[in-house]
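A.B. asks: Pasting the relevant annotations from Swiss-Prot:
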- Gly108, Thr109, Asn110, Gly111, Lys112, Thr113, Thr114: ATP binding site (BINDING)
- Lys217: N6-carboxylysine (MOD_RES)
- Arg383, Asp407, Asn408, Pro409, Arg410, Gly458, Glu462: meso-2,6-diaminopimelate binding site (BINDING)
- 407-410: motif 'Meso-diaminopimelate recognition motif' (MOTIF)
Amino acid sequence: MKLNELMQAIPVFTGEVSETIEISHIAQDSRKVKPGTLFICIDGEVVDGHKFASRAVELGAVAIIAEKQVDVSIPVIYVRDSKRAMAMLADYFYGSPTQALKLVGITGTNGKTTVSHLVEQIVRENGEQTGLIGTMYRKIGDQILETKNTTPDSLTLQETFRDMLLSGVSTAVMEVSSHALVQGRVYGSDYDVAVFMNLSQDHLDYHHTMEEYANAKSLLFAQLGNSYHTSNPKIAVLNADDAESVRMQKATAAHIITFGIKQEADFQASNIKITSHGSTFDLGTPVGNFTLKIKMIGNFSVYNVLAAIATSFALHIPMEKAIKTVESIPGVKGRFELVHAGQEFPVIVDYAHTPDGLLNVLETIDEFAEKRVFVVVGCGGDRDKGKRPQMAKIAVDYATNPIFTSDNPRSENPRAIIEDMIQGVPESDAYVVHENRRDAIRFAVNQAEAGDVILIAGKGHEDYQVVGDEVIDFDDRVEARIAIEKKLGLA
């Protein structure tokens, strides 16, 4: 593609655009530059790409996009916001793939991963080829690709959408993080349905205030365009029980569909019954009333199913098909996942890493726990410190036997993180500290008896632990199974 054609994607810029320069590749990482590359200088949180402009030229870059002055021998085009420019250029370069896809974006503090997997499976069971982008992986049809972030950078994202189209995918479902929205990673993506799950404290190391965090989430709905006169209008699916849904509604001109339990909603659950094996509830919808029996446990699971069914309705999938699919799904890896190894007590691994997420899971366990509740929990290093004492307080308030431990300490001292946590706990409260996460899990398993419940919270599906600069193998599910087998004399 000629540079002058590609630059049609950006309405305002300065610098001369050659009609002869051919662009065969776009990169923001100088290590990925090859001959024919348009190199985009991104001033990031850790690295400033402007410092690598000269290196990009050495490797074969033929033009540069920049915000700040760079002194190189090839054409430089200056823009106000290079992150947003990159998203627009990526969309144009890869042929605006989301205009041909049905695209669903799901945002919120908790529930994004589960809902995205539920919606993807519903659409697939309806006979369509699907794509999925989220916390655990990217998926194109049946092909699984690794992912580093919940929402990839805009170049990777648009390339993935293009590859989905080439593979016959008709509907793509993705988790949309607040970081991605603020950083413009999804700018230029043409969403058909946007889903808001909930908002509770998380990422305040980045957003600083809940107001900023909420505004970040609302960007997805502001991006959901006005399309009153099309056959497929844009739709916002909102949680009627979360007060921040009002903000999301004000941000968009799209049609609104609501779901909820407490407030009146288009998709409303009632008569909810929770057991250790699943949940049942009555569902009111615009097309009739139904009774559901799902294998997932807890009110938060009911919310996730409501969101998935409401989204399926927005995608014109028959209600009976959506219900049949969600009733057949056992759950998502690392989300209230039961570990069975012959023990007489439930061991649950869950990704709950926010105060609200931990509270939801512990409240659900309280519905069926017969005796003691053990919770193994820590907090991530180099992340929102404000939630640490809240997590500890919830643990001691809702579990009989809280055990504080390491999560992903990253560059922080694990003990210092735990000290931050116990600031939220009165001195009289009983808790145990095992800094080593493996030891904490084994302690809980060795203490537990029939009728007790163990929750291992915070890491869920993750099969690694980040300690300093090292990424080591560590899977809560594997560690729990090993501990159980040792207790039972099976290992």
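Placed from the backbone N, Cα and C atoms, the Cβ positions cover glycine too.
The model shown is predicted, which means the values in this text are computed figures rather than measured ones.
Buried or exposed, and what's around them? Tell me for each listed feature.
C.D. replies: For Asn110 (ATP binding site), the same-chain residues that are 6 or more apart in sequence and have a Cβ closer than 8 Å to its Cβ are Met197, Asn198, Ser200, Phe300, Ala352, Thr354, Asp356, Gly357, Asn360.
Counting Cβ atoms from all protein chains shown, Lys217 (N6-carboxylysine) has 26 others lying within 10 Å of its own Cβ. For the recorded site, Lys217 (N6-carboxylysine), the DSSP three-state label reads helix.
Reduced to three states, the DSSP call for Asp407 (meso-2,6-diaminopimelate binding site) is coil. For Asp407 (meso-2,6-diaminopimelate binding site), the same-chain residues lying six or more positions away in sequence with a CB closer than 8 A to its CB are His353, Val377, Gly378, Cys379, Gly380, Gly381, Ile417, Arg437, Gly458, Lys459, Gln465.
A Cβ distance under 8 Å defines the sequence-distant neighbours of the motif 'Meso-diaminopimelate recognition motif' (407-410), meaning residues of its chain 6+ beyond its ends; these are 353, 377-383, 417, 437, 458-459, 462, 465-468.
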A.B. asks: Determine which residues of the same chain, besides Gly108, Thr109, Asn110, Gly111, Lys112, Thr113, Thr114, have their CB within 8 A of the center of the CB atoms at the recorded ATP site, and list them by sequence.
C.D. replies: Ile106, Val115, Glu175, Met197, Asn198, Asn304
A.B. asks: Which of these recorded positions is closest to Gly108 (ATP binding site) if you go by CA atoms: Lys217, Asn408, Pro409, Arg410, Glu462?
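C.D. replies: Answer for the nearest of the recorded positions: Lys217.
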A.B. asks: Sort Thr114 (ATP binding site) into helix, strand or coil using the DSSP assignment.
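C.D. replies: Note: Thr114 (ATP binding site) is helical by DSSP.
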A.B. asks: Restricting to the same chain and to sequence separations of six or more, state which residues have a Cβ under 8 Å from that of Thr113 (ATP binding site).
C.D. replies: Gly134, Thr135, Met136, Glu175, Val332, Arg335, Tyr351
A.B. asks: With Cβ-Cβ distance below 8 Å and at least 6 positions apart along the chain, what are the contacts of Asn408 (meso-2,6-diaminopimelate binding site)? List them in sequence order.
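C.D. replies: The answer is Gly380, Gly381, Lys459, Glu462, Gln465, Val466, Val467.
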A.B. asks: Cα-Cα, whole number of Å: Gly111 (ATP binding site) versus Lys217 (N6-carboxylysine)?
C.D. replies: 14
